[in-house]
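**Q** Let me give you the structure first, and then I'll get to my questions.
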Amino acid sequence: MTATRHPFASDIDAATRIAEPDFDLLDALVRTDDPDDQAHTLARVVLAAFDNYYAVSRRIPALAQAAFEARDWAATVRLSKIRLGLYTACIDQLVPLLKAGLPELANDEQLWARAEAELLAAIAERYEADFAFAFWQSLRRKLVSDEWRPVSYDTGPAARPKATSAAILKTIATTLPIRPAVIRDILDGAGLRGPWRDRDGDAALAAAAIEAALEPLGPRAGETAKIEIAESGFFRNRGACLVGRVRLRDRGDMPMRNLPLLIALLNEDDGLVVDAVLCDADELQYAFSSTLANYHATNPHYHELARLLHELMPKRPLGTQYSCIGFHHLGKVAVMTEILAEHRRSKEKLDTAPGFKGTVAIAFTMPSSAYVLKIIRDHPTDDYKFDYFDGLDAVLRKYNLVHEIDRAGSMLDNIIYSNVKLERTMFAPDLLDELLESGIDTVTLERGALVFRHLIVQIKLTPLPLYLTTASAADARAAVINLGDCIKNNAAADIFNKDLDGRNYGVSRIRKVYLFDYDAVEPLTDVRVRGDDAPPGPEFEDGVVFRPADMLGGLRIDDPALRRAFRDAHPELMQPEYWQGMQRALRAGKVPRVMNYPAARRLRR
């Protein structure tokens with residue numbers, strides 16, 4: 001399918017170009033000897049760099065909407081990559097200039113303190129004051145190579161009032177049953193340019209789907225209701241969605257009832273369509289999962305958006321809600337703050353994560369924590385399957401690669417911290433010993449604390465083989481079938497896990513299967529896929545060689561019934577033609593479709 005080109009496509013470079021630093025300000029900073037003047041100018045230099053970053057980042061959601069309207073799928077992928085790299089690029093542009101002009105700057109604590117006060121005064125009335133302060137902290141840490149600290153943006157000089165979701169919601173009063181005309185008004189309110197295939201028909205189907213989802217809440221005909229819809233479009237790859245909730249008022253026999261709502265939109269050759277309606281918190285959580293590419297939200301009020309998403313998906317920590325709409329640094333701070341709060345609240349020790357001992361990574365967690373932390377070993381264990389280990393930095397690059405791509409709904413995102421310090425008392429003794437013995441290049445003990453050169457944090461999963469030992473027959477069958485979907489989605493993202501071992505996959509709280517270990521991932525387009533007539537083993541060829549016929553044996557699915565369920569659901573995965581066809585599509589620059597919600601929620605036409 002050839003997408004229509006939108007006039008904006010050739011202007012993406014111009015719209016997302018990072019402006020040059022203000023060299024007049026930089027010159028003034030270098031020339032002045034007055035401490036107060038120097039502090040004031042340094043604050044202005046950094047704030048100008050932040051303003052440049054923030055202005056470009058706020059243009060991207062509108063460009064993503066335009067790309068969706070134009071069906072320019074290559075542009076949507078490009079915009080996601082640009083946005084992911086923008087924050088670091090703006091900091092990296094300024095740091096060498098400051099180092100060259102003021103080499104003593106990194107160690108001048110008094111100057112930094114005065115400049116920080118100037119910056120905080122300048123941003124005091126701005127909505128994005130916390131984000132500007134985060135940028136300041138990131139830049140200083142890059143200059144000084146200092147310890148990473150979770151700076152609190154909810155309290156202190158850059159604080160802002162606590163966000164409430166009501167500020168970004170449009171409320172539509174209605175009565176039950178919900179009429180198609182109400183849904184049509186919501187679709188019209190999205191402001192999407194382009195024809196609809198059948199807007200009235202879609203509105204009727206969506207209204208019926210919402211009515212069916214309301215049934216367990218005991219609705220009554222004529223009962224008043226409110227539909228609250230976020231005044232924001234959410235755009236990602238080939239799709240878009242509208243997000244909100246249906247609220248039924250408290251009545252004598254029933255308390256206030258809330259139903260999450262996501263209306264998923266596609267733009268097909270023959271027009272815009274409502275593809276699915278989701279009204280379950282777990283299903284919304286999957287659609288907004290950090291295992292997918294980030295959404296571009298057209299509403300700039302990121303705190304209110306994150307709060308709304310947390311209200312709709314309360315099982316997911318607030319920190320990850322920021323990340324899924326692209327505010328990774330705020331999400332990074334929120335996640336570490338949550339981990340430290342979990343420890344203070346539970347008094348639990350960090351200890352080896354349940355499951356199988358990693359050959360490349362050491363994974364650890366607290367029993368009640370929502371997160372798993374891991375480091376990369378200096379050297380793999382004796383059980384390592386491959387002849388050659390590329391080393392710690394190469395493995396970290398693979399984790400970063402997964403962070404920077406569309407994870408296709410089947411790979412966990414990673415937060416990678418540098419130079420982070422955790423108190424020694426947080427760790428169980430055996431784990432502490434292993435970290436210090438097997439992570440010499442990564443972990444050091446300094447004055448009662450462990451300092452991590454790198455620390456990877458992911459959402460906690462149950463390793464698939466462990467899950468299968470305790471799951472019901474139905475849940476186990478669903479998991480192995482979902483494993484096949486996971487492998488297909490990874491392939492659609494040009495990711496191949498050459499260690500197709502079930503221990504590298506895990507099951508989430510909402511019973512979805514994800515890949516979570518990335519030391520063995522390779523671009524699928526670089527893999528040599530071979531059939532039965534190929535040489536008998538990879539030792540005959542250079543590079544990564546994959547024989548699909550051998551796949552099932554490596555997955556460690558021991559139960560014959562589960563092996564049969566996997567094979568029956570995904571026979572194409574054992575055929576080289578499937579993999580070679582996916583490689584051809586990826587090399588041609590096509591953006592394969594990825595299912596971000598259950599097929600059962602798609603509207604039946």
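Positions of Cβ are set from backbone N, Cα and C atoms, glycine also.
Not my notes, these are from Swiss-Prot:
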- Asp413: active site (ACT_SITE)
- Ala353, Pro354, Gly355, Phe356, Lys357, Gly358, Thr359, Lys374: ATP binding site (BINDING)
**Q** Could you list the residues of the same chain, at least six apart in sequence, whose Cβ is under 8 A from the Cβ of Gly355 (ATP binding site)?
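**A** For Gly355 (ATP binding site), the qualifying residues are Ala363, Thr462, Pro463, Pro465, Leu466, Arg503.
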**Q** DSSP secondary structure for Lys374 (ATP binding site), reduced to helix/strand/coil, please.
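**A** The three-state answer is strand.
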**Q** When you tally the Cβ atoms that lie within 10 Å of each candidate's Cβ, which of the binding-site residues (Lys357, Lys374) has the highest tally?
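**A** Counting Cβ neighbours within 10 Å, the top one is Lys374.
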**Q** Give me the long-range Cβ neighbours of Ala353 (ATP binding site): same chain, 6+ apart, Cβ under 8 Å, in sequence order.
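**A** Within the chain, Ala353 (ATP binding site) has Cβ neighbours under 8 Å at Ala363, Phe364, Thr365, Val372, Lys374, Lys460.
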**Q** At the Cα level, what's the spacing in Å between Lys357 (ATP binding site) and Asp413 (active site), rounded?
**A** 21
**Q** Taking the Cβ of Asp413 (active site) as centre, how many other Cβ atoms lie within 10 Å?
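**A** Here the count is 23.
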**Q** Within 10 angstroms of the C-beta of Thr359 (ATP binding site), what count of other C-beta atoms is obtained when all protein chains are considered?
**A** 20
**Q** Write down the Cα-Cα distance for Gly358 (ATP binding site) and Asp413 (active site), rounded and given in Å.
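**A** For Asp413 (active site) versus Gly358 (ATP binding site), the Cα atoms are 18 Å apart.
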**Q** Of these binding-site residues, Pro354, Gly358, which scores lowest on Cβ atoms within 10 Å?
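**A** Looking at the binding-site residues Pro354, Gly358, the Cβ with the fewest others within 10 Å is that of Pro354.
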**Q** Please classify the secondary structure at Gly355 (ATP binding site) using three-state DSSP.
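**A** For Gly355 (ATP binding site) - judged by DSSP and reduced to three states - the answer is coil.
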**Q** What are the sequence-distant neighbours of Phe356 (ATP binding site), meaning same chain, six or more residues apart, C-beta distance under 8 angstroms?
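**A** Expected: Pro463, Pro465, Leu466, Arg503.
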